[in-house]
Amino acid sequence: MGNFGIWILTICLIFQSGYGFYLPGSYPLKHVVGNSLSVKVNSLTSIDTEMPFSYYSLPFCKPLEGVKDSAENLGELLMGDRIENSPYKFKMYTNESEIFLCQTDKLSAHDFKLLTKRIDEMYQVNLILDNLPAIRYTMKEGFMLRWTGYPVGVKIQDVYYVFNHLKFKVLVHKYEVPDVARVMGTGDGADVIPTAGNKGLDVPGYMVVGFEVVPCSVMHDGNLVKNLKMYEKYPSPIKCEPTTVSKPIKEGEPIVFTYEVTFEESDIKWPSRWDAYLKMERAKVHWFSILNSLMVITFLAGIVLVIFLRTVRRDLTRYKELDKEAQAMVNEELSGWKLVVGDVFRAPSNPDLLCIMVGDGVQILGMAIVTILFAALGFMSPASRGALITGMLFFYMILGIAAGYVAVRLWRTIGFGNPKGWISVAWKAACFFPGISFSILTVLNFLLWGSHSTGAIPFSLFLVLLLLWFCISVPLTLIGGYFGAKAPHVEYPVRTNQIPREIPAQRCPSWLLVLSAGTLPFGTLFIELFFIMSSIWMGRVYYVFGFLFIVLILLVVVCAEVSLVLTYMHLCVEDWKWWWKSFFASGSVAIYIFMYSVNYLIFDLKSLSGPVSATLYLGYSLFMVLAIMFTTGTVGFLSSFWFVHYLFSSVKLD
């Protein structure tokens, strides 16, 4: 009972503590004064090419102990991150200046050409200290701009300059023992969490809460560093002026690298140290735009829903008020959706493909909901690199059981309960969307391999993904298919005629109406889509997962309503081929998203250089659009199926 009381007290303190709630892997790290701090380097990145490259692909200084890769998760590798150690080392709360790093070899023609090319392509160097990316502040027209990383160099009047001196500022905060540890360090919990009286907590320490960098281009005297070793003091003072550059890059000349570091105590606490990275420009516009979009779309969807319910209810009420003789007379003069009673549940063309796409759509939708929900709760914050992609893969594989179940049960429903062929349907559901995804990613990966980019997925990782696919996702999908084959199929409320009814000529092509229906779901997405695209392609941090979850729920509702309305309209004009049309009525939003992606490429990514970069962008956009089409189409189809089943179950027609 004592242990139970301690845990109850712990939970209470978590919610009441002013130190915030620390998620796994984000607990504050204590550094004693004088302790060594090591800076890590990530891949070089550029919004001009969208192709990351290794930091050590350029002639930079290498650590004495050699280049070593940091342990990375699956998501980091898929995102193109390559985190390695660097020669930059600090001592906690110890200011140092004029630290000599190294003098490179004389620049060869290849190194000179590569270095100038990376400067032309505006590549950024990304440094990491205690899991915090280096941040850089610049002033422009009176506004303070925030950047992550710093440029490799700059080109001024056809002369290339390299930033060879870095001025670091490390913000620290005094280490504070959370209240939970203090309480848990008493009584029965003394052997679980160390108390304030234990050795180690008495020694004053600090937490890293900020990491800033100012790059400078400084002309060093090569003769002064001939006999210097790494981390020794540079013989003469170094003036770091960010507004001036003085170290031009010349073929056949070496480059001298130096740095300095200052520590500054800050009021920023550990839970708030990522706030500087998550601040978004025009935040008020962002919130207002999303809220306005939600209100408008909700209002329009409400009007559509009210009109729709009133129309259907009026039809059903009028029919139920008639007696049997009157109903018999009415049956002879039926019009609208009542005429297709014998054909409305006739099997569609390519029923196996429809079942497969719906099953895959359920799997993707489930993955999106669970992933965004976990991200909104803070379990996949930017501090946990790669956690979002890793979580998406994990949930997608686990939800293969849902894909198999839905696909096979729908297959049995269309086949009037016949389970024949369910293994084939489940197998295809397990391979259809992943197969398309692997095909697209393989083509894009060959382009990245040819460019020697770190964004290319290593061959070993390809094998891991294939093993995850065939050893986890496929078996789970087949298990779901087994349960779907054993589950009772959905009974149709009416019989299907042997001879199909002829569909009257339509004034307006039905597919034109279906394709135009995607505009309303697109209206719920386009504002949030801009911020997501900016996060992916402009290097900005996306973190408003709470709003994204609301937008996703609203999108599901709107897709369902749009598909219901169009299905009812088709039935009213005696068009009983509603199966595929209900899928693409809401799935057509993918067409508008792809058009928006092309528009974003032309007008927002003007600086994107080269056909390889454009191909990568369009390839990833196509992958995203296909996933959205499967998801929204599935929502539309399932809602229309439920509606048609409910509609024809409500009346008795001979």
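Any Cβ shown, glycine's included, is placed from N, Cα and C.
A TrEMBL annotation is a machine prediction, not a hand-curated record.
Features reported for this protein in TrEMBL:
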{"type": "SIGNAL", "residues": "1-20", "note": "signal peptide"}
{"type": "TRANSMEM", "residues": "287-309", "note": "transmembrane segment"}
{"type": "TRANSMEM", "residues": "353-380", "note": "transmembrane segment"}
{"type": "TRANSMEM", "residues": "386-408", "note": "transmembrane segment"}
{"type": "TRANSMEM", "residues": "429-449", "note": "transmembrane segment"}
{"type": "TRANSMEM", "residues": "461-485", "note": "transmembrane segment"}
{"type": "TRANSMEM", "residues": "511-537", "note": "transmembrane segment"}
{"type": "TRANSMEM", "residues": "543-566", "note": "transmembrane segment"}
{"type": "TRANSMEM", "residues": "578-602", "note": "transmembrane segment"}
{"type": "TRANSMEM", "residues": "622-648", "note": "transmembrane segment"}
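Residues of the same chain lying 6 or more positions beyond the ends of the transmembrane segment (429-449) and with a Cβ under 8 Å from any Cβ of it are 51, 355-357, 359-360, 363-364, 400, 403-404, 407-408, 455-457, 462, 465, 469, 473-474, 477-478, 481, 612, 615-616, 619-620, 622-623, 626-627, 630.
Highlighted: of the candidate stretches 353-380, 461-485, 511-537, 543-566, 511-537 has the greatest count of Cβ pairs under 8 Å to the transmembrane segment (578-602). Between the transmembrane segment (511-537) and the transmembrane segment (353-380) there are fewer than 3 Cβ pairs closer than 8 Å, counting only pairs 6 or more residues apart in sequence, which means the two stretches are not in contact. Here the transmembrane segment (543-566) has Cβ contacts under 8 Å with residues 278, 286-287, 290, 294, 297-298, 301, 304-305, 308, 365, 368-369, 372-373, 375-376, 380-382, 513-514, 517, 520-521, 524-525, 528, 531-532, 581-583, 585-586, 589, 632, 635-637, 639-640, 643 of the same chain, all six or more residues outside its ends.
If you look at the transmembrane segment (353-380), the same-chain residues 6 or more away from its ends with a CB under 8 A from one of its CBs are 21, 23, 387-388, 391-392, 395-396, 399-400, 402-408, 410-411, 414, 425, 428-429, 432-433, 545-546, 548-549, 552, 556, 579-580, 583, 627, 630-635, 637-638.
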